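Features reported for this protein in TrEMBL:
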{"type": "DOMAIN", "residues": "10-72", "note": "domain 'Ion transport'"}
{"type": "TRANSMEM", "residues": "50-69", "note": "transmembrane segment"}
C-alpha cells in the first residue's frame, strides 16, 4: 500500500513541475517582441527602487500610527475626568 502511495506522490510532483513550466510559456513571447522585452526589463530593474519607497511609506505609516494612538490616548484621558 505504501509503494502505491509513494508512486502517486511522485506522479503528483511531476505534474506540479509540468504545471510550473506551463505557466512560464508566455515568457517565450517576450523574447520574440523587443518592445515587450524592454518593458519587462524596465519593470524588473525598477523593483528595487519601488521596494525602497514602499519601505519608507511603511515606516511613515507606523510612526504616524503610533503617534495617532498616543495622541488619542492622551486626549481621552484628559477629557474623561471632567
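Indices start at 1 and increase along the chain as displayed.
Using the three backbone atoms N, Cα and C, a Cβ is placed for every residue, glycine included.
Broken down with DSSP, the domain 'Ion transport' (10-72) shows 58 helix, 0 strand, 5 coil. A Cβ distance under 8 Å defines the sequence-distant neighbours of the transmembrane segment (50-69), meaning residues of its chain 6+ beyond its ends; there are none.
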